[in-house]
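Here the structure comes first, spelled out in structure tokens, and everything after it is commentary.
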Amino acid sequence: MNHIRNFSIIAHIDHGKSTLADRLIQRCGGLADRDMEAQVLDSMDIEKERGITIKAQTAALQYKAKDGQVYNLNLIDTPGHVDFSYEVSRSLSACEGALLVVDASQGVEAQTVANCYTALELGVEVTAVLNKMDLPQADPENARAEIEDVIGIDASDAIPCSAKTGMGIEEILEAVVAKVPPPKGDPNGQLRAMIIDSWFDTYVGVVMLVRVVDGELKRGERFKMMASGAAYEANNLGVFTPADVPRDVLRAGEVGYIIAGIKELKAAKVGDTITLEKKLPNNLGPATEALPGFKEIKPQVFAGLYPTEASEYDQLRDALEKLQLNDSSLQFEPEVSQALGFGFRCGFLGLLHMEIVQERLEREFDQDLITTAPSVVYEVVKGDGEVIQVENPSKMPDAGRIEEVREPIVTVHLYMPQDYVGPVMTLANQKRGVQINMQYHGRQVMLTYEMPLGEIVLDFFDKLKSVSRGYASMDYEFKEYRASDVVKVDILLNGEKVDALSIIVHRSQATYRGRAVVAKMREIISRQMFDVAIQAAIGANIIARETVKAMRKNVLAKCYGGDITRKRKLLEKQKAGKKRMKQIGSVEVPQEAFLAILQVED
């Protein structure tokens, strides 16, 4: 036990934690040099392409320290993006120590702070590391000052390193051995292990990544999940060094995998405790108390996902279920839309999470999807005092039956160099933000705002990056529901409501957003044989209208000269025909129309 160290790496996006992990693995000989590729732990293609870590991955490394002892280091890589903060808290709860990696040329950024606080709350020992020291613009003194100033941990002995050139890697490993406490737990007690992650493998079923806290699990023993009571046999055990290495037993303090022929991802709930099924002569029997898990994560952003072909509904459901296996925060339920048919209402942690899920469905499962505009959950107090949660604009009751609508307010922390404070404040005010606080840390400024989540969901992050030339970073946490004057804007095509295009916006922006959506729709809907009226309405009030003019044949082409009445007769006849068509004709709404709502510029 004393020679085991469990640690993870926390950092803001692009501060180089995956590269650092590569170097640590290489130094400890976890992979042969020829298997060593950039970002070994980012195993999904989409992680490599976007250069972000989404799933937590692990590597068990053997390190011979300067004191001559061999230590087992379990490295758990964590994502840095705010949407995946639950992955971070999960990884950290399995560790005793964390390396806080800060880019020496950029200093502390928003998610670094958020993840670092998570670590400190969980009582993890945090060691600061200054990465990218090989860059000419690296400024270690400033970065140290910022770490002490913003996060409040001692950075005087922060380790300078460069994951690219390999400088400082030895020092980091020595620091892990010296500073990170060995795992607490009873190696001779009853088995208790926590599921840190689970994913589905087509050959062996569900693979569970566990951290053994007390006792040990041998191959072939039967174990049970404490939450559900379901029991399985441990067919295979092992550890990842990122490559998988089978073992006969997993002991207290180790992080490894269990394969037990489980078919359902739902059975292996992340955060659940595993213990032995029953008392046998050769074991200690089941534990009575489960380990404290982590809190269930609540989705913040909702959107509808629909298959382009109605017949692919079942495949989409299978795909979502498989994704949910290793992305426990994705939630979905079936829903029906008049415009789009059968599909699912999905809950995500944030916008990036939504994009990733969509992209994984398209790539890994070959799904063609239509996505509706993302919306957040509103609390609606009805006239009779009943409070309901509305996460889909089409479920919003009529204005007459509503007493008040409350929208979710979040506290947003924005970090940026002081040159960009002006534009960022303007942006935050446009989004109905209320400034709570402003602090200067050296050249960096931290602004704290309270803002409606609904404003952030659409495009706040992209706008923030563009007004600050990519320097600003943000993270947010939910604060409360507050009464607000929000209304539902419906889009009508030839007088018919298209439920999937409804949006919920603040009354002050309703007219503007309505006009913008309608104008955008006009460009997208192709011309028909009859006029198409596109309207935006609040209740029965029409607030904007555009018309897509009909295509028509030149019916007068065959008249040479001749009387005006003859021409008029032909035109009237054409008009009557168009009118008849309009009554029975239906308008196809192309996929772009649903995306148009997302791209309405402010």
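Placed from the backbone N, Cα and C atoms, the Cβ positions cover glycine too.
These features come from Swiss-Prot:
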DOMAIN    2-184  domain 'tr-type G'
BINDING   D14, H15, G16, K17, S18, T19, N131, K132, M133, D134  GTP binding site
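Remark: of the binding-site residues S18, N131, the most isolated position is S18 (fewest other Cβ atoms within 10 Å of its Cβ). S18 (GTP binding site) falls within a helix when secondary structure is assigned with DSSP. In the three-state DSSP reading, M133 (GTP binding site) counts as coil. Within the model, the domain 'tr-type G' (2-184) carries an average pLDDT of 73.
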